[in-house]
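Quick look at what TrEMBL annotates:
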- Phe134, Ala135, Val136, Tyr139, Asp225, Val226, Asp227: UDP-N-acetyl-alpha-D-galactosamine binding site (BINDING)
- Asp225, Asp227: Mn(2+) binding site (BINDING)
- 1-13: compositional bias 'Polar residues' (COMPBIAS)
- 1-30: region 'Disordered' (REGION)
Amino acid sequence: MLQWSQQKMNLSGSHGGCREEGVRSGQGEAETDKEAKRLWWPRLLLLSALGFLGLLLYRTAVVRYIFIPMGVCPSAIMPLVRDNFTGVLRHWARPEVLTCTSWGAPIIWDGTFEPDVAQQEARRQNLTIGLTVFAVGRYLEKYLESFLKTAEQHFMVGQRVVYYVFTDRPAAVPGVELGPGRRLRVEPVAREPRWQDVSMARMRTLHEALAGRLGREADFVFCLDVDQRFVGDFGPEALADLVAQLHAWHYRWPRWLLPYERDRRSAAALRPGEGDFYYHAALFGGRVAALRALTAHCARGQRRDRERGVEALWHDESHLNQFLWRHKPTKLLSPEFCWAPEVGRRMEIRRPRLLWAPKEYALVRA
């Protein structure tokens with residue numbers, strides 16, 4: 001009996017020891033969890049700081065240039081690139097940017113050309129340069145006067161220029177003092193019910209104008225959006241048979257991210273793998289014959305889309321990009337020629353020519 005009591009005590013002591021061990025083990029795990037949490041917060045803060053630093057560096061162009069490089073002009077192509085207005089292009093002056101395309105067209109950056117050579121060549125050819133702009137609805141009073149005044153200061157200075165203002169309110173076009181050899185013509189257009197229709201109707205209107213007086217008066221024509229202003233010299237270095245503008249927001253994006261039209265029902269659609277660059281419809285130009293072909297293509301594609309009940313994502317710009325994929329431009333303008341301050345500071349943007357005005361869509365599209 002005594003022996004049995006001792007065994008029971010031993011067993012109780014054993015179970016008690018197990019319970020004590022379990023308690024100590026639970027306490028140890030809790031302390032480990034607390035220690036892990038204490039270590040976890042500094043790590044989270046460190047990762048958050050690194051993430052914020054990465055975003056900051058991306059905005060200031062350091063990381064962005066690593067992951068989305070622009071590329072450089074291949075040395076094998078450089079000797080083949082020629083320009084009728086700037087003479088020999090100085091590709092080596094801008095080694096940090098792409099200065100030519102794979103098909104041998106120059107991309108014009110500040111420092112790659114001699115402005116005086118371009119001016120002299122334009123005068124030698126006795127050229128007249130047309131500049132078209134649409135100022136419909138509230139765009140007229142908001143932007144047109146600034147556009148015209150700054151154009152007089154910077155656009156093709158010293159050359160013969162004809163401004164063509166297309167507007168639904170001809171009497172409201174502001175009077176702007178013009179220099180010698182420069183004229184302004186006002187062309188009435190109908191007010192479209194939607195701003196999208198205003199944007200798309202211009203291709204048809206331009207096509208008709210190029211077949212008329214504009215096409216007879218001008219040797220080269222540039223088509224610009226009105227909601228921007230000139231801030232730097234925009235001269236004959238921009239002239240070529242077919243001129244395209246690299247989009248300020250997209251010129252460093254990889255091709256698979258570019259906002260081409262992808263709806264196969266649209267005449268503007270590009271398939272995956274198609275497209276070279278993304279071009280901005282706020283600025284394009286060239287000789288009259290080339291622009292007639294471009295505007296006819298875009299107007300025809302828009303008409304086909306309407307018949308099918310579809311509308312391209314970026315309207316006339318989508319159709320413009322489709323045309324320029326199939327008919328390569330002979331000159332590209334760097335984003336310096338049409339820059340958006342909202343993009344932020346970019347080291348390669350040295351001398352902007354045009355700046356986008358602040359977008360007040362709620363006001364001008366009402």
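Glycine is no exception: its Cβ is also placed from the backbone N, Cα and C atoms.
TrEMBL entries are annotated by machine, without manual review.
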Taking Phe134, Ala135, Val136, Tyr139, Asp225, Val226, Asp227 as the record's UDP-N-acetyl-alpha-D-galactosamine-binding set, what's the max Cα pairwise distance in Å, rounded to a whole number?
11
So Val226 (UDP-N-acetyl-alpha-D-galactosamine binding site), by the Cβ count within 10 Å over all chains shown, scores 23
Using the Cβ centroid of Phe134, Ala135, Val136, Tyr139, Asp225, Val226, Asp227 as the reference point for the UDP-N-acetyl-alpha-D-galactosamine site, which residues of the same chain not in that list have Cβ within 8 Å?
Val133, Leu140, Tyr143, Leu144, Phe147
Smallest number of other CB atoms within 10 Å: among the binding-site residues Ala135, Val136, that is Val136
CB neighbours of Tyr139 (UDP-N-acetyl-alpha-D-galactosamine binding site) within 10 A?
22
Please work out the number of neighbouring Cβ atoms within 10 Å of the Cβ of Asp225 (UDP-N-acetyl-alpha-D-galactosamine binding site), leaving out its own Cβ.
21
One finds that other Cβ atoms within 10 Å of the Cβ of Asp227 (UDP-N-acetyl-alpha-D-galactosamine binding site) number exactly 21
